[in-house]
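Sequence annotations record features per position, and here TrEMBL assigns active site to 36, 84. Residues or ranges marked as domain 'Peptidase S26' in TrEMBL: 16-162.
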């Protein structure tokens, strides 16, 4: 009757080892260091990022992704990873004016952003194999409006969920 207290044995240990290896290979926990994705993500949040789905499908509009910054950008460490939302993909035309984002000439309904963009972005073409990423805190985000389209190969993973949000106390 007290058998549930025994060590699980080799079979249980092997299952645990397989799960741990799969977890570490296909997902990771990340820390949010800036307010560039506010209000969706806040400074100090811990998030789960999965790294497997883009082996089977292409990144989609509104996916929140982690990625390595473009090579031409300086000031980031070798292991730096940023997080932003995909707003356009290869073949799209992107523009920001009058406080709205336009993709292929259509104003986007973005009820998740902190405030409307105060900057203007001339019409940009997103080449094939690239995505256009912007932070939800549009006026306080270092993103594609600063450095252009992001190569899809730079994407590390896709945001799944927030697993810890520090209290405001």
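Cβ coordinates come from backbone N, Cα and C, glycine included.
For the pair residue 84 (active site) and residue 36 (active site), the C-alpha distance works out to 8 angstrom. The helix, strand and coil residue counts that DSSP assigns across the domain 'Peptidase S26' (16-162) are 24 helix, 53 strand, 70 coil. Taking a C-beta cut-off of under 8 angstroms and a sequence separation of 6 or more, residue 36 (active site) has the following same-chain neighbours: 82, 83, 84, 135, 136, 137, 140, 141, 142, 143.
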